[in-house]
Amino acid sequence: MNVDGNLRNPYCTEVTVTVDSSGFFVGSGIPLKHSFSLLSLQLIMVVVISRFLYVLLRPLRQPRIISEILGGIIMGPSVLGRSEAFKKAVFPPRGKTVLDTIATFGAMYLFFVIGVKTDPSLIRRAGKKAAIIALVGVLLPYPSMMLTSYILKHYLSVAIGDAFHVSVLTSSLAVTAFPVTISILSEFHFLNSEMGILATSSSIVCGICWWITICIYVIMHASMHSPLRCLGAFLSLLALVVFILCVFRPLTKWIIQRTPEGKPVAEVYIFIILVGVLVVGFFSEMVGANSFNGALVMGLVIPDGPPLGATLVEKLDSVLSDLFLPLFYAMSGLKTDVFAIGDMKRLLVLVLVVVVGFLMKVVGTLLPSLYFKLPFRDAISLGLIMCVKGQVEVLTYNYWWDAKHLTDQSFAILILSTVAATAIVTPLFTLLYNPSDRYMANQRRTMFHLKPGAEVSVLACIHNQHNVPTLINLLEATYATKDCPLTVYAVRHVQLVGRAAPLFIPHKYYARSASASSTVSASSASGGGGSGKGGSQAADPIINAFHIFEQRNEESVSVHAFTAVAPYATVHDEICQLALKKGVILIIVPFHKQAFDGYIEINHGALIMNRNIIHSAPCSVGLLVDRTTGGALCTLVGTFAYSLACLFFGGDDDREALAYVSRMSQHPQVRATAIRFISCGSVNDRSRERKLDNEAFDELKARSVGKEGVAQREVVVKDMEQIVTVIRSLDVDSFDLFVVGMHHDHNSLLSKGTDVGGWTEFPELGVMGDLLASPDFGSKASILVIRQQINVRLHVPGLPNSLRMSAARAEDANFVRSSTMRHYHPSPSRRSPRRGQEV
């Protein structure tokens, strides 16, 4: 017995009993009659078509779910499946059954992995805002759809079934499934933005509502047969939950305790857990709760992050996301027949119910968001992202279709509505919500605009222990005194592995928690990040180095250490938020290409992170190219002596670099050399930009009067060749650091030379930074490339409320040095506050 092309009406057919084919030239000569050959072709078609559509739709900001469902629809009865020859050859009824079983099996493990990556503590940390937004977002659309369904029940009774099934279906449309929200936010790198965290927390609360609905449905469905069955269903669900919480969760904690720190989890433990997922999935089906829900809950009780959660994700995530998930979506598309939508009246009725649900969902999210003082644009964005639909909804529709509670027409309408809603909502959300707008500072946060004697706040990013010596030496050279203190925010980045939500650990205030410390140590050992809910407390040598630096400069330096566990593509959100909140004036990030122990290490993830920070930072940014081989001699283990050179060509970035060098030149153990290059064609330039350059260089001269370790030179050059000659004439090996601006005055030779940009290997460093970093230059000195703050919104009488320093950076810089701006700065007699200073 098998089923026809729609998997609905049974009829007798021949079933293939052989697995392997003998090939074209032996036996039957038709390999597709054998199950393995047929399955291989089906998988190839699903993956290739869905990937092709994904590449095609990606410029339109469409998520993967759209391409994967559309791929199934194209292969199904709506397009290619209309050909009887194609349907019988590639997707015969016997092949569909096998493919559907494999897709369901893979989707069960996918939900397990989603549960592993999700941090259940987000429910506890969600707070009143997320809970109220989630509850109103559910309670408003649900009765609205029920009321619409009641008014139009004459038409819906045929399309969906009885009122009970309508209520369950509308509840699935009213809630927001957190696996879907997390997947969409992660795909578009919004997961650890402020909006992403709020949306994730709210969707988890919605998920609780959905699980309660499922439990009620299972119990009520059993009560329709007899009260005894109702009691049995309740006890079965309770027993399943008790087994997961009281048996499986202690087992995972025991496995973590048995795993030595920094060592991989034993394969036998991974095998036990994967078999346990099958067991829980089987019993979930037995009690009517669906294997997906059991696997998801089972994943939630496993501590996310290393060692166990990261290992499971590393082993399963790729094959599940790239093979089984497209297959699961494609199977839903294969069941979707758009030509089954024949009755337009019923089509319009069902579409109306769905549209009412989506509109009320947006309104239900918008109102409480506005109540909690969210900006209108952000509130709309949150309402949109809470409307996305994905694997959970598709699973629900498939379940109801298999149970014959949905007709082919209703199923097709609901699948198409999922595609349409997600296809419309996702690009709108990405267009409306721009996290970088949050990092727009309301005042100047630069070295150039910092008044003499004010406190300096610097944020230092660390990827690994190789970055530490050069960073600490640079911070030491920044010259902190009791009257001119330095505040350092040291942010160590750990790549996110084995969890969905990012983690930001402030070590000074989180040190009491052993789980937090084990997070850092475990993450360091595995290269991932997580909550580390098991493991021993261990000290982090990177964080300790900065605390030692603080202790050696106790009266003048304050260090605040953090660990950011996040993907490279989104960690700039955490860094920029911290910089904005703490009034940081300079972010120092290691360049993605570093030389360690005689070989070059390239970190492509760091390249993405650096570009995002440069674009979004609310202050100035410095890219630090560490060229020390074998590790620099850190000031923590020896006497401090530092030599640096500043190459000045003019412009905002060069003035920022010169201002930083001017501060460092005050350090008694720092020897500074500043060389100003003037184009021979602009010697008589009287522009306001040139006036600012003159003032900046004259200020350095004035501050270095009587100081033997500071030297200044002005050189007139006519071409790039002379610039290189002057630089090579220096004793480059005597310098520890070169400081340059990223971009230069538009009248300088570096900006005018159209033939210069073609040979730059790293545009992020600018022309001069790229030249100094090239192996041909022959220097082992590190390079600090500085870009002055570009994201600023000045509130000054007589000016617009929003003034960005972007295309008109030179004009804006002129304004900064005007008398109005000088009046805007704090008076010289007042010292800047110790925390979050206003500059």
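Count begins at 1; order follows the chain as displayed.
Cβ coordinates come from backbone N, Cα and C, glycine included.
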316-336, 379-399, 484-504 - the range that TrEMBL marks as transmembrane segment: 379-399
The domain 'Cation/H(+) antiporter C-terminal' (643-789), counted residue by residue under DSSP: helix, strand, coil: 65 helix, 35 strand, 47 coil
Predicted model, mean pLDDT over the domain 'Cation/H(+) antiporter central' (542-632): 83
Composition by DSSP (helix, strand, coil) of residues within the domain 'Cation/H(+) antiporter central' (542-632): 36 helix, 29 strand, 26 coil
